[in-house]
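S.K.: In case it helps, TrEMBL gives these features for our protein:
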- 46-457: domain 'Major facilitator superfamily (MFS) profile' (DOMAIN)
- 120-138: transmembrane segment (TRANSMEM)
- 144-168: transmembrane segment (TRANSMEM)
- 189-210: transmembrane segment (TRANSMEM)
- 222-243: transmembrane segment (TRANSMEM)
- 277-306: transmembrane segment (TRANSMEM)
- 312-330: transmembrane segment (TRANSMEM)
- 342-360: transmembrane segment (TRANSMEM)
- 366-390: transmembrane segment (TRANSMEM)
- 402-427: transmembrane segment (TRANSMEM)
- 433-452: transmembrane segment (TRANSMEM)
- 473-496: transmembrane segment (TRANSMEM)
- 537-558: transmembrane segment (TRANSMEM)
Amino acid sequence: MLDMSDFVPPTATAVAEGQPAAPDPIPAKRVRSWALWDWATQPFNSVILTFVFAPLYLVSTSFLAPHIADLPADAPERVRGLAELSSRYGAWTAIAGLLIFYLAPALGARAETSGGRKRWLIAATGGLALIQFLLAFVQEDPRYFTYGAIVLALGSVVSEIAGVNYNAMLHQVSTPATVGRVSGLGWGMGYLGGIVALVIVVVLTFADWFGMDTSNGLPFRLIAVGAAVWTIVFSIPLVVNVPEYRRPAPGRRGFLAGYVDLVADMIALYRQSRPTFWFLFASAVYRDGLAGVFAFGGVLAAAGFGFSTNEVLIFGIAANVVAGVSTIFVGRLDDRVGARKVIIFALALLVVMAVFVFVAAPLGDIVFWIGGLVLSACVGPAQASSRALLSKVTPEAMQGEVFGLYATTGRVASPLSPALWAAFIAWFGATRYGVLGIGIVLALGLGLLLMVKIDSRQVASHALEPLTGWNRSAVAALTIALFMGVGGLVLLLTGAHDVPGGAYATAALLLLAALAVVPGQRALAAVRTSGEEGAGIARASVVVGYAALAAAVTVTLVRVL
């Protein structure tokens with residue numbers, strides 16, 4: 001049983017003369033209510049995306065043509081059909097990542113400047129529940145596959161938007177001394193919520209749904225409805241017990257202007273605290289590897305080690321138990337030894353276990369059980385410690401924007417694990433090779449983090465100093481090149497340009513990136529006469545713009561010819 005007094009600072013009943021009084025304690029009910037939101041939304045990740053709805057229903061023979069679905073499991077045509085479903089699902093996932101990339105920074109900043117973190121969180125949570133309800137209409141018919149993939153993609157977008165505001169509320173329910181434990185409690189509650197939800201699914205499956213008609217994918221559709229109700233019910237405590245964060249609004253600004261302001265803030269962050277800036281970059285890479293561990297864990301168990309449906313579900317329960325317990329335990333360790341050390345140890349062990357699972361795979365199921373559970377034990381602590389570390393080194397006034405960028409940078413790298421997973425399987429012809437792709441991503445993230453020297457015990461006490469003396473056109477050029485260019489690059493990396501209409505969407509984003517040439521050239525002319533800073537990023541934006549223009553022309557010509 002958790003003692004919630006550990007998460008609440010003691011009340012100072014007496015203070016020495018001339019010393020400031022201790023801050024008011026944070027009510028335990030507020031901490032519990034905040035952490036329960038992770039419990040409320042975890043079934044979307046564990047049940048809908050990772051272990052049940054997507055892998056066992058949407059990307060399955062249920063959505064193949066009947067004459068292909070009835071073929072033997074090793075029939076080439078059947079294998080190709082499932083691969084095509086996986087590819088189409090991946091394309092929609094990539095589009096979801098782009099939407100998050102474009103929306104998360106602005107929405108995070110808007111929630112921060114308006115003081116409306118809770119308001120945005122409630123709206124996004126309601127949207128997530130609605131999306132899970134919509135999955136009930138995904139019938140067992142190939143014609144419904146695209147609808148199901150789009151709804152899941154929208155769910156990922158809404159879930160990430162909610163997470164930006166939820167993460168930004170961490171400072172409202174913790175102190176510098178307890179932020180690691182509170183963050184770990186949230187992650188742990190999430191994993192435990194996933195466990196309970198998966199147990200319910202396993203019980204219903206073993207009971208053969210108590211004689212209910214299971215045709216037309218009805219069990220999976222009911223699971224989606226149950227997940228929606230779960231989200232609504234367990235989100236209520238946060239709505240009732242956690243107050244809205246209020247601060248004077250600095251005035252409304254345009255949606256697009258918010259992006260330029262955000263880029264300017266990040267340039268200022270780079271100039272004032274480069275370790276924090278580079279930590280965002282390193283964490284984007286290794287967090288994608290962490291996501292890959294769970295995203296492909298069920299696939300590796302089923303396709304690589306021959307686990308049955310029930311075995312995949314049982315492994316999912318075990319993985320969530322291990323992840324939840326380890327996250328809560330390491331959350332306490334985080335506050336003692338520092339978040340950076342926790343992350344480094346977890347990533348190193350993840351890389352070792354990825355290699356172990358690959359090398360020892362011929363020994364059978366026991367290898368996956370050992371390696372998979374150790375991997376699960378490391379994912380949660382690394383994720384929670386990353387959130388805690390960023391919270392400790394981010395100025396309070398920048399929590400919304402920086403956590404928006406935290407979500408964004410993670411999504412920018414999102415094609416990395418899926419691409420290497422798929423590439424290694426294609427190169428070597430066996431599913432178990434995919435774990436090497438994920439291991440490479442984790443190793444790359446670990447290497448980048450080792451080069452970042454940052455004090456995990458630092459607590460920023462001042463707001464980020466605004467960027468001054470820089471040419472506004474140069475910042476605008478960098479903004480255009482960054483957001484549009486990365487979008488086009490993501491579509492190129494994920495292969496989305498090969499699907500119908502994808503080439504033209506890719507070319508359109510690259511052409512928009514080419515627009516950076518105009519403000520870039522204007523900025524170069526201005527800085528020569530005004531003495532403002534920004535010549536370097538202006539030149540870089542012009543180069544990126546011309547490169548994007550050349551890439552757009554190439555993609556279009558290849559598609560047309």
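Glycine is treated like the rest: Cβ placed from N, Cα and C.
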S.K.: Take the C-beta pairs under 8 A between the transmembrane segment (277-306) and each of 120-138, 144-168, 222-243, 312-330, 366-390. Which stretch has the highest count?
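M.R.: Most contacts with the transmembrane segment (277-306): 366-390.
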S.K.: Check the transmembrane segment (342-360) against each of 189-210, 222-243, 312-330, 366-390 and return whichever range has the most CB pairs under 8 Å.
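M.R.: Between the candidates 189-210, 222-243, 312-330, 366-390, the best contact partner of the transmembrane segment (342-360) is 366-390.
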S.K.: Could you check whether the transmembrane segment (222-243) and the transmembrane segment (120-138) come into contact, where contact means at least 3 Cβ pairs under 8 Å with the two residues of each pair 6 or more apart in sequence?
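M.R.: Judged by the Cβ rule, the two regions touch, with the required three close pairs present.
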